[in-house]
Amino acid sequence: MSAIADITAREILDSRGNPTVEVDVILDSGAMGRAAVPSGASTGAHEAVELRDGEPARFGGKGVQRAVEAVEGEIFDAIGGMDASEQVAIDETMIDLDGTPNKARLGANAILGVSLAVAKAAADEIGLPLYRYLGGVYARTLPVPMMNIINGGKHADNPIDIQEFMIQPVGAASIAEAVRMGSEVFQALKKILHDAGHNTNVGDEGGFAPGLKSAEEALGFMTRAVEAAGYRAGEDIAFALDCAATEFYKDGRYHLEGEGKVLDAGGMTDYIAALAKSFPIISVEDPLSEDDWEGWAHFTSTLGGAMQVVGDDLFVTNPTRLRRGIAAKSANSILIKVNQIGTLSETLEAVELAQRAGMTAVISHRSGETEDATIADIAVATNAGQIKTGSLARSDRVAKYNQLIRIEAELDIAGRFAGRTILRG
């Protein structure tokens, strides 16, 4: 395997028009890997820390020139000449160099950009697609998408408290068919919303952001769209929610301001249970606050037999927090976001840890994305079975679906679509 010969970084824009880091790693053979780093809007308090410049006169303080300098300076000095195939050693070298528990000194955005680009360069060196390089001969499962078609919360400017309302085409036979089904429902929903007098502007992740007043109303529109597209809700297409409950958790209570409700953890459990009785909800993410461990355990013991309970802000792709959650039976699934932990090797460790504990893993985008489709390869490499990467609009979201379609075509008969195997209960 070739050694790392050069690393260059640059400041580019993400899908929200904010700066982010892009990194090129060049090996002495000429092989190259390029990676662009995503960024979140609703971020957990325990996530790895992005390094921003903090200069108000430039990008409103959000510039990433300091992270770029860290990549081309300290990080290159530390890992230049290392074997690109030694992913764990390279990642650990960067972690040690940073010296903080949350990668705050050099920036998780700097470290992650290098980590992903190193893996891509190593794959390029031996002529393998990234999913095959990372996952080996067993990388073959095409994930069921979670497609965000209605946005609320921090992802939209409307009264809906819940952040994401998603569809999962569990009845599809392939990823290509799943994408088609999702697109047809998305277009049907657009017409139904328009005919009902709602705007059809889209939010950060490509879903519609209509001025609806409640989760029940949003789920009702989704059901109508599924049926209008010629499918059966609950049979062909199931629903998933991302509550992002930390965003409306204050003083020990959950404030659903759009619906005029103030609930405790038990009340939130009952609230979701009631929605699940009326609609085919098979997965709910972050139904409680990121540090409400007791509430999470109660929620999962109550509803986890029938639905997937996904920890995002709870776990922040961190193996240490995940181990605590496994011991406490806080959730039965983890959302995997590469920039929450900041290196590829730690990301893969979290997936493996969850799977060994009998949990599912959902590979996820962030609200601030780029055309980089690395997470599609990671989803297949880990046989995760599920991917969350936004709506059927905006090229930064569609790029991941298109990459999955390419991978499916390349795998041919060796590939399998996860489909109904993700269902619980």
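Note: Cβ is positioned from N, Cα and C throughout, glycine not excepted.
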If I go by Swiss-Prot, which of K120, K329, K337 binds (2R)-2-phosphoglycerate at the same site as Q163, R366, S367, K388?
K337
Looking at Swiss-Prot, D242, E285 are annotated for Mg(2+). Which of D204, D264, D312, D313 sits in that same site?
D312
Beyond D242, E285, D312, what residues of that chain have CB atoms within 8 A of the centre of the Mg(2+) site's CB atoms?
Q163, E164, L241, C243, A244, V284, D286, V310, D313, L335, K388
Relative to the Cα of Q163 ((2R)-2-phosphoglycerate binding site), which of the recorded positions E205, D242, E285, D312 has the closest Cα?
D242
Nearest to D242 (Mg(2+) binding site) by Cα distance: which of the binding-site residues K337, R366, S367, K388 is it?
K388
Neighbours of S367 ((2R)-2-phosphoglycerate binding site) among the recorded positions E205, E285, D312 (Cα to Cα, within 10 Å):
E205
